[in-house]
Amino acid sequence: MSYRGLTILGCSSQQPTRHRNHGAYLLRWNGEGLLFDPGEGTQRQFIYANIAPTVVSRIFISHFHGDHCLGLGSMLMRLNLDRVSHPIHCYYPASGKKYFDRLRYSTIYHETIKVIEHPIDREGIVEDFGNFRIESRQLDHLVDTLGWRITEPDTTKFIPEKIKAAGLKGPIMQELINKGRVKVNDTIVHLDDVSYTRKGDSIAVVADSLPCQAIVDLARNARILLCESTYLEEHSHLAKSHYHMTAKQAAEQAKRAEVQQLILTHFSARYNTTEEFVQEAGEIFPNVFAAEEFCSYEFPKNPS
C-alpha cells in the first residue's frame, strides 16, 4: 500500500523565521503527491524532509500572495531538471493567471515537462477521476482565494465468510458488483448481504481567510482540516483587519464542520512558539495539533 499522509514543509505566514519556513504542505495519497501553496524555499525543504520532489504530481495555489506561491517557479524548474515523466497539474484562481505565468516563466530555462493548468473560475467540483475528487470554494480574504477539499470515493468491501456461505465465486462475483444482485442455487443474493461500504477519506485545506461558511462546507466531516490560524486571541484585531483567523476561530470552524482532526498552521512571525495556539484552540476543539516543520501526519485507510 502506498504511503498516505500529510507532511508539513513550512508553516509560517508572510514572514519566515529561524524555525519556520514559508508554508508548503505535501499530501501523499493514492499514488499521487499533492503540493499546496509552495512558499519561498520549498525546494530546499524537500531536501530537509528527505522527500524526492519528483513525488509531486499536482500543485495547488490558494491565492497569489507571495508566501503562498513564491516557490512555484523553482518547483516547476526542479521537476523539469529531474525530467519527471508524469504531467504536473496546477490549480489556481483564474483571476491570478498573469501571476502564475510570471512565476512559471520568471527565468530562462527550457521547459520539457508537461504542465497542465487548471485556472478555477467557479466553485464546486474541479475534477473527479477515480482516485479522488477535487473541490474548491471561495474563501473570505483580501484577494481571490480558494480553499480545497480532496475526497476519495467510497469502496465496497466483501466479507469473506459471507461470500463463502453464499456460494459465490468466479465470474458471478463481477455480475454481483455490476448488477447488485445475483441468483445462486435458487436464492437471490444482494450485494449488501455480503459486503459493506468503506467510507472514503477526505481532507480540507484552508489558507488565508476570515471565518466563513465556505470553510464549514469544505471541511464537513473531513478526516483532517488543515487550517490557517495566523494569530492568537490577543491579536484578534489584527486577524480581522488582515482577513485572517485566530486559533480559536479555526477551532470553531472545525467544530461546526465536525471534522476528526484539526491541524493549525500559517503562524505569524511574532510568535516564537505555538503551544498557546493549541491551548486556545483546544478549549473549543480537543483533537488539535500545531503544524511543525517536517512533521508527518499519517492516516491509513478507514477500516469501515
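Each Cβ is built from the backbone N, Cα and C atoms, and glycine gets one as well.
Cβ contacts within 10 Å of His65 (Zn(2+) 1 binding site), excluding its own Cβ and spanning all protein chains shown: 21. Here Swiss-Prot flags His63, His65, His141, Asp208 as Zn(2+) 1 binding site, drawing on sequence analysis.
With a cut-off of 8 Å between CB atoms and residues at least 6 apart in sequence, the same chain places Gly23, Asp37, Gly39, Ile61, Ser62, Ala207, Asp208 near His68 (Zn(2+) 2 binding site), listed in sequence order. Positions annotated as Zn(2+) 2 binding site by Swiss-Prot: Asp67, His68, Asp208, His266.
Under the heading active site, proton acceptor, Swiss-Prot lists Asp67, citing sequence analysis as support. Note: Asp67 (Zn(2+) 2 binding site) has non-local neighbours Ser12, Ser13, Gln14, Gln15, His22, Gly23, Asp37, Gly39, Glu40, i.e. same-chain residues 6+ apart with C-beta under 8 A of its own C-beta. DSSP assigns Asp67 (Zn(2+) 2 binding site) to a helix.
Between the binding-site residues His141, His266, His266 has the most other Cβ atoms inside 10 Å of its own Cβ, all protein chains included.
Taking a C-beta cut-off of under 8 Å and a sequence gap of six or more, His63 (Zn(2+) 1 binding site) has these contacts in its own chain: Cys69, Pro93, Gly96, His141, Val143, Asp144, Thr145, Leu146, Ala207, Asp208. Put simply, His65 (Zn(2+) 1 binding site) is 13 Å from His266 (Zn(2+) 2 binding site) when counted between their Cα atoms. What surrounds the Zn(2+) 2 site, by Cβ distance within 8 Å of the Cβ centroid and not counting Asp67, His68, Asp208, His266, is the set Ser13, Gln14, Gly23, Asp37, Gly39, Ser62, His63, His65, Ala207, Glu228 from the same chain. Sitting within 8 Å of the Cβ centre of His63, His65, His141, Asp208, and not among those site residues for Zn(2+) 1, are the Cβ atoms of Ser62, Phe64, His68, Leu139, Leu142, Val143, Thr145, Ala207, Ser209, Tyr243.
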